[in-house]
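In TrEMBL this protein carries:
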- 72-106: repeat 'PPR' (REPEAT)
- 143-177: repeat 'PPR' (REPEAT)
- 729-749: region 'Disordered' (REGION)
- 740-749: compositional bias 'Basic and acidic residues' (COMPBIAS)
Amino acid sequence: MALRAALARFSAAKKRGTRAGGGRCEDGFRQETVASNLQRLTAAIKRQKQKGAWPKALALLSAAARKGEERDLVAFTAAADVCARGSAWKAALAVLKELRSEGLAPDLVLWCALGSACSAAAQWRRALHLSLQAVREECLAPNAFSFGSAMSACSRASQWDKVLSLLEEAQSLGLANSFTFSSAITALANSADSESGWGRALCLWEEAQNAEMGNVVTFNATLTALERASQWHRACELLDSGGIRPDEVSYSSVATACARWHLWERSLALLSSCLVRPTLGGQSCLVRAMGHARAWEQALHHWNSNGLRGSEVSASTAWALEVAGLTPELRTFASSSGRKELTLLDFVQRRAPRGQLHAVLNEVRHFARKEWLKLAAGAKASVLRAVLRPGDAVLELGCFVGFSALLAAQRLRQLGGGGKVVSCELNPVSAMVARALIAWAGADDEVEVRVGLASDWIASGQLGRPDVVILDHRGSRYHEDLNALEPHLGKGARVLADNVLSPGAPLFLSFVDGRYDVTVHEVPEFRRKGRLDWMLLCAPLHRHARQSAAPAPPEFRELSAEVDRLCWRSSSAKVYGGDWQELQEQLEPVLRRFADARGWTSALSPRTNIRSPPSPGTRLWLQFSIVGRCKVSIAAEATCVEARPTLIRVAAAAANGAAHVRTESQASHALQQLEDARGAAQGAGGVLVLQYVTRPGRHEAMGQASYLAPARLKRNLEESWISAWASRNHGGAGSSDLLDSERTAVEDS
């Protein structure tokens, strides 16, 4: 009996051990699965960083939440990094809100990522708050990276005095390092007072060396400050001083400084002594210096022998040949990009008869209705025609595909003939297409397209004395190029500046103040309903009445940096329509106050004459096709409470998201988002009525949505929309579709 009892106890213990061991195995397997899912989620989010695809990163976080998978601090930090790459600071703050809802606490790395997101979007005050003040409020101690992130944000906004004060604070706390010194020196290089900034940059470099914090990054920042201040001899001395091993950026900075003074032989010697491949910017500047010296053979040899075909150096090489009186074959210098421009050329040549200028212009407009092109058509074309007089010599900076140049040629024909149009274009592909279109229209005797930077052509002295100057290239360069052109302007010259409001040229407004008689023409963008732009007509004042150019206000410099940032980013990555709209909303009140105070807009017709606003209760409709199991018909109507209503993207995004549902429960969730939008509108003093019907069981259907509300409500609704994502993850309503739609402006109603 005793033996039987012992065996029973042993068997029971064995079973308990087996069950306990099995539990431990199950727990271990579960932990491994969670860790594997977290690694997979974080890796998938990080893959979106290169393109800055923040909507996809947020969609991945939402999908993990719907599946019930765990999300940790590393995954949220990776999503914030993607938002920083895409300059989506609002989305980054939504990530922070979502993280807190998970019961997680942000660490210093996440705070730095949030600060970087605001810095990339030129929100330097928010970046300063998130990198330092918010960290302290969380009872965390800022580190060197926190100060570096804050200083980098202030540096991008040219707040160099703030950067220096932050450097002093970091030094007092013992947190200064090579990154903080580099940020301070870069801020001095970007400062408006670069003539005195280079001296301070040298002092900071010596201070960093004495503190054993000087590295190649700090060294290159100092060389850049000297290069921008045209201190080429000091840059050469610093490069030869030893102590730091130079890299390709070091040699390229000094070579660029020499090339700015057209010392191409010294610049070539520097780049040849570089053991690594120099930067494309340095090589481009070298080739341009060769062009100014008319050393076109050396420029062509350098371009051929260094494998620079298809790069940005190609445009500089083509200019070096043209300025020497040669006619290069642009197809040789064209890059692989330019699909849209080449498609336009083929479209026009198939549809417009050769030699008919009017038909070519019409077909370009027709193409732009199918695939958008930024053209000076519609109301802008009317302003351009009104500026021209018989026999005018027209100089256009920024040719693109030659539409404006052909418009000017057509108008000069109507005025009796005579005159000439010279148009400068940096992109060889665009210049090639423009020349082909001009030749097809039979206007090649009246319009000449030149390849290269506008500033290089101005410095060459080969542009004559223009009667009309059309500025349509890079808004942040308008004031510099016009300043260089002023000695060459003919008597009674007129300057027409396009795109002053969209994307914007705030520094140009500051430059013409007190120097030109200015009239603002407010016109809608071609094929961009709801988006306005300014065309400025400027006539030089008499030299006795002209004031010297005053420094631009700090706010204008910040806005100009933001315009440049977004324009450069659009050339290499996707920029959402909402980003352009948000930028214009920042620019418009600032520029309007400036123009109104000087009486530049007093001649404007009432805005109702430019674009008649809808009457109260008017509906704007957005049509879309859907495929799925549910039909969602949504109609939204708002009362107009001011003369300039705006079609709000957020409700259209909600409607579009509801159109992509797959089940009735998802449709209900999407409609709840619309209810949230209505609540936000009512909370802001607006009136919004929503009506909707769901019909399950349909495979194909049509939906429609409309939304009209005052412009002052838009920001509240947009912020509530992103907040709704952070709190709900959009349930099953197609997060990526919703986020993509939220960032895309509704253009056609």
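Quick reminder: no glycine exception, Cβ is built from N, Cα and C everywhere.
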Problem - Per-residue pLDDT averaged over the repeat 'PPR' (143-177), given as an integer - result: 85
Problem - Residues from the same chain, set at least six apart from the ends of the repeat 'PPR' (143-177), whose C-beta lies under 8 A from its own - result: 108, 111-112, 115-116, 118-119, 122-124, 127-128, 131-132, 135, 183-184, 186-188, 190-192, 197, 204, 211, 213, 554, 557-558, 561, 565
Fill in the blank from the handout: In DSSP terms, the repeat 'PPR' (72-106) comprises 26 helix, 0 strand, 9 coil
